[in-house]
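Annotated signal peptide per Swiss-Prot: 1-26, in sequence order, evidence recorded as sequence analysis. Annotation source Swiss-Prot lists disulfide bond at CYS84-CYS139, CYS107-CYS117.
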Amino acid sequence: MAVRMTVILPLAMALICLMQAEPATAANNHIRTVLKLFRTIDLDDSKKSFYLTAAKYGIQTQLREPIIRIVGGYLPSTKLSEACVKNMISEVYEIEGDFYSKFSYACEDHAPYSVECLEDARDDYLTQLVELFKETKKCLRE
């Protein structure tokens, strides 16, 4: 009996460790894929730094972090739709362009390129990013 326990116990422990490592590995792969795709977002560095900070912060908090939380919970067998994420990234450029226009030449009540214009345009920008997240969430799995 003691011999069986010395053989079975290490095998049981190895099986438990293997079962715990597999979902974490898959989650890391899904997260790594999403982060790689988000790193392809290239905003124009010639724009004002406080504008770029606001634009990047919106993308990070309204898109990247929520999507990473979702794909981090996917099982290893789940297929992540890279096309869905790439489509979302192309729409990010359109939303960011709209944000920039409201911050710069389309600003009505304040001087163009001012912090006041940025504040006025930010709410609409974040709302559009949240809507994009809701759309993207529906198509993340293939």
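Positions of Cβ are set from backbone N, Cα and C atoms, glycine also.
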List, in sequence order, the same-chain residues at least six positions removed whose CB sits under 8 Å from that of CYS107 (disulfide bond)? TYR113, SER114, GLU116, CYS117, ASP120, ALA121
Neighbour count, 10 Å Cβ-Cβ cut-off, for CYS117 (disulfide bond): what number do you get? 21
Can you count the other CB atoms that lie within 10 A of the CB of CYS139 (disulfide bond)? 13
Tertiary neighbours of CYS84 (disulfide bond) (same chain, Cβ under 8 Å, six or more apart): THR136, CYS139, LEU140
